[in-house]
Amino acid sequence: MSDEEHQFESKADAGASKTYPQQAGTIRKNGYIVIKGRPCKVVEVSTSKTGKHGHAKCHFVGIDIFTAKKLEDIVPSSHNCDVPHVNRTDYQLIDVSEDGFVSLLTESGNTKDDLRLPTDENLLGQIKDGFAEGKDLIVTVMSAMGEEQICALKDIGPK
């Protein structure tokens, strides 16, 4: 037995997996799937019949939830696919900095300063205009597989 004390590096998450397995045949349209290592929303699913030898195959077409790129994958329907844990959280917008970052107020009253403004021009314009007009804005942040991005905006009236 060793009397040494071990030092453990503190990690932000508790070692929870970024994805979970799900049988390919049970994944439906508007669900989520990992294609080529990217979290995607499924926009189209088609299943081919079994051949003389082999499995039925599922053809997935997905849109990356962060980059909006279209990705495709074909998986035997009996095999497992990775499905990302996708979370949506609402935060109140406090500040928009010059360098493209936003300050957000969390539910617990702390600030979150590590998020960039979205790349979507329409959403970016709405956030900047609303903030300049002094409106109280609530942003919805989507997170999956260690990435986070602002995906929606709500106006709750003037300050």
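Residue numbering: from 1, along the chain as shown.
Each Cβ is built from the backbone N, Cα and C atoms, and glycine gets one as well.
The compositional bias 'Basic and acidic residues' annotation in TrEMBL covers 1-12.
Per TrEMBL, domain 'Translation initiation factor 5A C-terminal' is recorded for 85-154. Residue counts for the domain 'Translation initiation factor 5A C-terminal' (85-154) under DSSP, split into helix (H, G, I), strand (E, B) and coil, are 12 helix, 40 strand, 18 coil.
According to TrEMBL, the region 'Disordered' annotation covers 1-21.
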Practice problem: Could you pull the average pLDDT for the domain 'Translation initiation factor 5A C-terminal' (85-154)? | Solution: 87
